[in-house]
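Take a look at the structure set out below.
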Amino acid sequence: MAARPLPVSPARALLLALAGALLAPCEARGVSLWNQGRADEVVSASVGSGDLWIPVKSFDSKNHPEVLNIRLQRESKELIINLERNEGLIASSFTETHYLQDGTDVSLARNYTVILGHCYYHGHVRGYSDSAVSLSTCSGLRGLIVFENESYVLEPMKSATNRYKLFPAKKLKSVRGSCGSHHNTPNLAAKNVFPPPSQTWARRHKRETLKATKYVELVIVADNREFQRQGKDLEKVKQRLIEIANHVDKFYRPLNIRIVLVGVEVWNDMDKCSVSQDPFTSLHEFLDWRKMKLLPRKSHDNAQLVSGVYFQGTTIGMAPIMSMCTADQSGGIVMDHSDNPLGAAVTLAHELGHNFGMNHDTLDRGCSCQMAVEKGGCIMNASTGYPFPMVFSSCSRKDLETSLEKGMGVCLFNLPEVRESFGGQKCGNRFVEEGEECDCGEPEECMNRCCNATTCTLKPDAVCAHGLCCEDCQLKPAGTACRDSSNSCDLPEFCTGASPHCPANVYLHDGHSCQDVDGYCYNGICQTHEQQCVTLWGPGAKPAPGICFERVNSAGDPYGNCGKVSKSSFAKCEMRDAKCGKIQCQGGASRPVIGTNAVSIETNIPLQQGGRILCRGTHVYLGDDMPDPGLVLAGTKCADGKICLNRQCQNISVFGVHECAMQCHGRGVCNNRKNCHCEAHWAPPFCDKFGFGGSTDSGPIRQADNQGLTIGILVTILCLLAAGFVVYLKRKTLIRLLFTNKKTTIEKLRCVRPSRPPRGFQPCQAHLGHLGKGLMRKPPDSYPPKDNPRRLLQCQNVDISRPLNGLNVPQPQSTQRVLPPLHRAPRAPSVPARPLPAKPALRQAQGTCKPNPPQKPLPADPLARTTRLTHALARTPGQWETGLRLAPLRPAPQYPHQVPRSTHTAYIK
């Protein structure tokens, strides 16, 4: 298929397509016209858009536009390339470092490099959806163009200002090299290292880690030999290193990984560590220098050395596998084997893949690659050359997923600080810079409903637009888990309630005991001999007895050693360090399960008491770019309180974990930043006060507490509502019980007449009058004392049961008459609860019983009460209804009419 022509009408385009299919079979098969010539294509370049195109003569070193359209044209063929400046490539903390003659380092901040301008672009070929472009305009147009499954290199011609060479990448001058590993070693350091998590957590963590963008804060170092090969031009070397990073960033974008360059360093005076043709020695020397010198002065995740030294054999790079984010192994070395920076970029991407846990793509793995082998294949091929690979295979993606799920790359989830992108601030570059509330890209590509793509501001009612702690344009509550722990040595992170971003990943301090595993944490991973045996030999494998480690690893040969001294010599293990050399196992599969080039090394050791012990080791025919997978991994427990470090069994006290844990008062653990991660209900930083748990690094643990508090409040509210509803329904009954039935002290002592007399009720005025007369005729000495009014009222309760009939009761002579004082009578028992008998004799007998005294004293004026009683007796029936009511609560006894009144007198005793 030819390059897309200038825009034409749809009908004409259809006719041209049909004619092309009939007359140009080779083009119909997808073979580009740009690839049919044997010699390099010489093209002219121009910039512009539409019908206005200006020839490219040179670019101003200080002015590189944010968006650039380039047209490459030769005769009737043309390519239009749409480019955007790769704003996220260089962090705001980016520094350039070189050295003076006396060895003093000079670090220049971003404000210096902005003078040179940001001249690194990513883009695509117009009309080709699967195309990819990575170019630099620092010194003319230079870079990589991929379309129609072909890779092309664009380079400026020395003899012309706007003439360029465009040729297939397979013609690029390069030294064909090999990573040297021809076996499949999937997940050597990762597979089965941890107990399998629950399926729910595995699915959730997989979605989170794969969906979230990972950021590798990278430092690239050029050794002295590279500086010399580039003509000792310091600026040229720096631009070359940044261009390499620009290509690598393009390679890793499909994996949702961004390469953020935080620094470049050039050893222009001398090498800062030993760099020789032995790649193994050079790698370890560089990693030691990074740990001791570079890390303390420059924070970063990974460092790569680009060397101008030609390594021995076919090795063009080397890196430890699954070592990303570690302090001692997160790095690699790369040989700059091509005139074009693309060659070193492909090798650096390969070695960085090893750091990510990716293994080589081999035939027995059945990997799927979008690019055919003759067109370059995939980046993790064991052997690389030309054409250069540009994509990752399905195996690489799977290895990366497995490594992330195992806890690798704990440092990759924090967004690097970006106050202002290198080269200037721009709305639409997907980086939230100073003064911006959000940035979702250009308006035509923005899919974020919380962000205004035109102004990079939040929409109305939106609080946030990006981040794991932002949901539906609102901040998640404090204590919401945003990143769970991935293994027994990892710590969870929680939203703070104030930021849309999840806190940076933290893990247990090195030397901390693993949870539920007999081992110690190291770089956020729990390593044990048993897990490594399962990795090498499959399920059922276990570590061999200690005598196997001691006998085999004391040999100092390829099958038993404590690491390499050089490329061809091995170190013997001391007795105390034997469990830090080649791992020895028992059981498992009949042969190693890590790859086709791994063989079993079996050793029989006789015992003094008879018999033999079978020790099984592993030897892998490696290249030179990867360490021996049969060696015990760093951080593995080798004795109680000791772990393997640098092939030596060392005490965990070297990490200072106990001193760090003491400040947590036994209510928390120490994380890798030497801060306390407190239990729930205890507050950081020292877990000595009540709080919400967590740490100053990972946010508060409040999710469970919030749920409990919310549930408690809801239950309380529901109970109150239910109680209020019941009260409302029973309000009349409650009011009657609480208010209408209450009596005062005096009212409780009074006899209240029933409001409605029972059936058959007879007025009792006659009886009351009869009794009243008797009382009048009673001798004075028979009455109770004047100062004791209780007898009168109690006797009234006993005998005066009903009002008297006013017709039969004679009216008293005077209402002012006062009854004579009553003498104290003998105490009588309580009044019977049933009516008195009809016979007078029985009534008289019952009168001898003395009733119980009242529970509360009567008022202090009995005389006045007696007077009122007399007045009440003299009232008429009409007056009686409204007067003082002295009727008892029980019905009055029925007296027979035939009882003579003259012969009976009721005595009140």
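Cβ from N, Cα, C; glycine included.
Keep in mind that this is a model prediction, so the values were computed, not measured.
For CYS676, the disulfide partner recorded in Swiss-Prot among CYS660, CYS664 is CYS664.
Swiss-Prot lists motif 'SH3-binding' at one of the ranges 90-97, 762-769, 834-841, namely 834-841. Record note: among 128-134, 149-155, 583-589, 828-834, 828-834 is the stretch given as motif 'SH3-binding' by Swiss-Prot. Among the residue ranges 166-206, 412-452, 822-862, the one that Swiss-Prot annotates as region 'Disordered' is 822-862. As annotated in Swiss-Prot, CYS325 shares a disulfide bond with CYS411, one of the listed residues CYS395, CYS411, CYS456, CYS464.
The record in Swiss-Prot pairs CYS678 in a disulfide bond with CYS687, which is drawn from CYS670, CYS687.
Same-chain residues lying 6 or more positions outside the domain 'EGF-like' (656-688) and placing a CB less than 8 Å from one of its CB atoms are 491, 506-512, 524, 694-698, 701, 704-705. Look at HIS360 (Zn(2+) binding site): DSSP puts it in coil. HIS354 (Zn(2+) binding site) has a Cβ environment of 27 other Cβ atoms inside 10 Å. Here the topological domain 'Cytoplasmic' (730-909) has a mean pLDDT of 51 out of 100. All protein chains considered, the CB of GLU351 (active site) has 25 other CB atoms within 10 Å.
The helix, strand and coil residue counts that DSSP assigns across the domain 'EGF-like' (656-688) are 6 helix, 9 strand, 18 coil.
In the structure as shown, the Cβ atom of HIS350 (Zn(2+) binding site) sits within 10 Å of 29 other Cβ atoms.
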